[in-house]
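Comments concern the structure below.
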Amino acid sequence: MSWGTELWDQFDNLEKHTQWGIDILEKYIKFVKERTEIELSYAKQLRNLSKKYQPKKNSKEEEEYRYTACKAFLSTLNEMNDYAGQHEVVSENLTSQIIAGLARYVQEVKQERKSHFHDGRKAQQHIETCWKQLESSKRRFERDCKEADRAQQYFEKMDADINVTKADVEKARQQAQVRHQMAEDSKADYSSNLQKFNLEQREYYHTHIPNIFKKIQEMEERRIVRLGESMKTYAEVDRQVIPIIGKCLDGIVKAAESIDQNTDSQLVIEAYKSGFEPPGDIEFEDYTQPMKRTVSENSLSNSREGKAEPKFGGKSKGKLWPFIKKNKSPKQQKEPLSHRFNEFMTSKPKIHCFRSLKRGLSLKLGAAPEDFSNLPPEQRRKKLQQKVDELNKEIQKEMDQREAITKMKDVYLKNPQMGDPASLDHKLTEVSQNIEKLRLEAQKFEAWLAEVEGRLPARSEQARRQSGLYDAQTAPTVNNCAQARESPDGSYTEEQSQESEVKVLATDFDDEFDDEEPLPAIGTCKALYTFDGQNEGTISVVEGETLYVIEEDKGDGWTRIRRNEDEEGYVPTSYVEVYLDKNAKGAKTYI
């Protein structure tokens, strides 16, 4: 099966076919090139997608990635980044192994095809030239034969005419002989050209053209083979990255399998555990008993004058937060004071009082205290522990640096030609100073941590702590005890008690617990600023609004006000201008 024998007369069609083959190669190159662009674009989009969902450094979002589900998602993002890298590898391999090689090969094929068809056209032109020569000698032979025949006829005519002179007859005879000789010469030339053309034609159709077409056929077959090899390479390039892509997918599956709901639940506990104890049960208040003064109550009333009462770890008239709206029903009869006293002694502390206004305002402005006292006990302990660990790491780093400098100094002392030992003294002093500063800082945080850990109730002491008493039975006085306080926004702080000794009197208990009747207004106030009371126990006010004051500031920076019978709560004292009624009980001048 040879193009030279089978397609000897299809020169033009072969030329078109080979050009079509080159176009196919170029089309395939364009296809692969567009595939590489798609791979690069896809890889870029995958990387951008992975980067978009990566946690921001030093942000709250980064802290969320301690949960196993978030860690698995982060692993997925990292695996997708590696996955994108494999698509970049595919693009690079397609470019280097297919596009570059095929582009060079196409240029070689074009040059080879041009050379073969040039040889074919040259052979074609040669045979055409031989054919033209043959045709020319044939026409000349035909013309000379006709001329010789006419000259012979003219001679015979002249020879038969008796009126023609002998000289004219001789002339006609010579002319006929010349023409006859010319015809013979043309015949010989025609015969020679014919033999030559036949030889050239046999060479053309049986040697030159078959050889040229064979080379063209081989060229075309190489092109086909090369295209097939490129297609195999195309598949192999993808197959080479499949194991790595499989590992990426396996990594995603492994990350998904590492998700542990129990661990995440424990992390939520560690993140949001406040360390406070839950409130105890609310005692049943029996309003059906008649209002009677008992002996114990009278004894307690008489004890005001000369008998000191048990001391408690708090102020005698601590405020009660209005967590629940008051019952506006008609005033009920009071319980016996002894019941109230017993309830106070045995009940759990349900409500913590406010922080100071200074610390509250600093928190609202975003300036958190250095000792994290704005946080609940458990969260504060974690933050302090984290800070201590960070400082210890920095101290260790500085100590390693000092050790390295010391070793280098020893080397300089032993080998002065390597450097001046004195040049390291300044750096060594600086590192030592940094270590001392860090140690002082660490000691400060360790002291705060020890303080917090000492205040957190142990498991064996929880029942005793729930009573709200700090060893009142054994300690008659509590000096400078730190009270657990909770501000309206739920944050935690510690304040030193402003009273070294608290005496609990019967009348104080009457004032503290008799909440069935709304407190009377002791003055008015004007809001200097707008306060958004979003926390429980507070009330929102608008700048310029006038409200009633029902309880003045007790030293913690909060004033209790009322808008109407149903709306009352606390606002920062610095947010209002208070005008107390001088005739009100216990009122004092305060602006």
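Any Cβ shown, glycine's included, is placed from N, Cα and C.
The feature coiled coil is assigned by TrEMBL to 381-408. Residues annotated as domain 'F-BAR' in TrEMBL: 1-264. The domain 'REM-1' annotation in TrEMBL covers 374-451. Annotation source TrEMBL lists domain 'SH3' at 520-581. The region 'Disordered' annotation in TrEMBL covers 294-315.
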The domain 'REM-1' (374-451) resolves under DSSP into 72 helix, 0 strand, 6 coil
Whole-number mean pLDDT, the domain 'REM-1' (374-451), equals 86
Reduced to three DSSP states, the domain 'SH3' (520-581) has 3 helix, 29 strand, 30 coil
